[in-house]
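Peer 1: In case it helps, Swiss-Prot gives these features for our protein:
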type	residues	note
BINDING	His83, His182	heme b b562 binding site
BINDING	His97, His196	heme b b566 binding site
BINDING	His201	ubiquinone binding site
TRANSMEM	33-53	transmembrane segment
TRANSMEM	77-98	transmembrane segment
TRANSMEM	113-133	transmembrane segment
TRANSMEM	178-198	transmembrane segment
TRANSMEM	226-246	transmembrane segment
TRANSMEM	288-308	transmembrane segment
TRANSMEM	320-340	transmembrane segment
TRANSMEM	347-367	transmembrane segment
Amino acid sequence: MTNIRKTHPLMKIVNNAFIDLPAPSNISSWWNFGSLLGVCLILQILTGLFLAMHYTSDTMTAFSSVTHICRDVNYGWIIRYMHANGASMFFICLFMHVGRGLYYGSYTFLETWNIGVVLLFTVMATAFVGYVLPWGQMSFWGATVITNLLSAIPYIGTNLVEWIWGGFSVDKATLTRFFAFHFILPFIIAALAMVHLLFLHETGSNNPTGIPSDADKIPFHPYYTIKDILGILLLVLFLMLLVLFAPDLLGDPDNYTPANPLNTPPHIKPEWYFLFAYAILRSIPNKLGGVLALVSSILILILMPLLHTSKQRSMMFRPFSQCLFWILVADLLTLTWIGGQPVEYPFIIIGQLASVLYFFIILVLMPITSTIENNLLKW
């Protein structure tokens, strides 16, 4: 009798994706982040579901309902902090996953890469609308500032902002629709992740060398299932350390003050995972220019396959490109730091230099360096 996992219509799909999937024998721990993102998404959906049972999306009661969850609901505090810090873990895994793709040339899988960029945008949108829900000072002013950026779009900008707000300012209508968006988007993310995997399994995984690995494949189970479980255990350990010992480490103290439209906080800033983009936005003194730079900073990922001029796929054997890659990482860390600083000297000029360097490395230096390395191969 044939094994049920190979014949049953549903089990067959699971089997081909997670059990009998032929995987390269040499993929490193940098390939763990895909499964970790899946775990993060499931964790966020589950904790979010339980939070939604007790949350009310009304300006009068939203802040109180979050307080009620933390104080009165059984284990509400741990669910709330797992959800808040789970978002941070999600973004850490996302940035590592994208960084891995850039370093090892995984962007040559065009469909997989482009769906991935769409996923990144969707997760960022979800995190943004989610941050508004507790209705603290930073929630309210973050929502006001970021949605206001759309008014920079010529002709339709103002109408667009008022349409999103559902009125002439961030108010009850805004909070209610943001809750609706925050509830539906994770399921859209889950669907997109399925498509992401579908396209990946059309080609098979990349590997650190960037060389086709068809001649040397091993089954996903047990080799990579056990490896993924180790990654998941480490992720959960790190998340629970955050949740149980420093739950507010990555949050903003201003968000423990209820939203007040009449009182602007001295420094409006988003969560840490948006600070690099926020720094790029602030480094341009023109509103529309800033918005374009902000969008371009993420959208530039779509251009990566076009900017790939090297004869080698991976950076594994390209020391000059490796140096540039790590300079880019350092630049992004600098931008993240600048995004959380006040708008004054010397932070303004550092932010502007870091923003220019970010685009210059990706658009100019990387393709030139790859071409130089191609010529060095002839020596």
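Just so you know, glycine gets a Cβ as well, placed from its N, Cα and C.
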Peer 1: Would you please pick out, from the binding-site residues His83, His97, His182, His196, His201, the one with the fewest other Cβ atoms within 10 Å of its Cβ?
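Peer 2: Minimum Cβ neighbour count within 10 Å, taken over the binding-site residues His83, His97, His182, His196, His201, occurs at His201.
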Peer 1: Out of 33-53, 77-98, 178-198, 288-308, which stretch touches the transmembrane segment (113-133) the most, going by CB pairs under 8 Å?
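Peer 2: Most contacts with the transmembrane segment (113-133): 178-198.
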Peer 1: With the transmembrane segment (347-367) as the reference, which stretch in 178-198, 226-246, 288-308 has the largest tally of C-beta pairs below 8 Å?
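Peer 2: Counting Cβ pairs under 8 Å, the winner is 288-308.
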Peer 1: List the Cα distance (Å, whole number) between His182 (heme b b562 binding site) and the residue listed as 'ubiquinone binding site'.
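Peer 2: Just about 29 Å between their Cα atoms.
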Peer 1: For the transmembrane segment (288-308), could you work out the same-chain residues 6 or more beyond its ends whose Cβ comes under 8 Å from its Cβ atoms?
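Peer 2: For the transmembrane segment (288-308), the list is 98, 102, 105, 107-108, 110, 113-114, 117, 120-121, 124, 149-150, 152-154, 276-278, 280-282, 355, 358-359, 362-363, 366-367, 370.
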Peer 1: Taking only the Cα atoms, work out how far His83 (heme b b562 binding site) lies from His97 (heme b b566 binding site), in Å, as a whole number.
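Peer 2: About 21 Å separate the Cα atoms of these two residues.
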Peer 1: Could you tell me what the rest of the chain brings near the transmembrane segment (226-246), counting residues at least six beyond its ends with Cβ under 8 Å?
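Peer 2: Hits for the transmembrane segment (226-246): 29, 32-33, 35-36, 39-40, 78, 81-82, 85-86, 88-89, 93.
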Peer 1: About how far apart, in whole Å, are the alpha carbons (Cα) of the residue listed as 'ubiquinone binding site' and His97 (heme b b566 binding site)?
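Peer 2: The Cα atom of the residue listed as 'ubiquinone binding site' is 17 Å away from the Cα atom of His97 (heme b b566 binding site).
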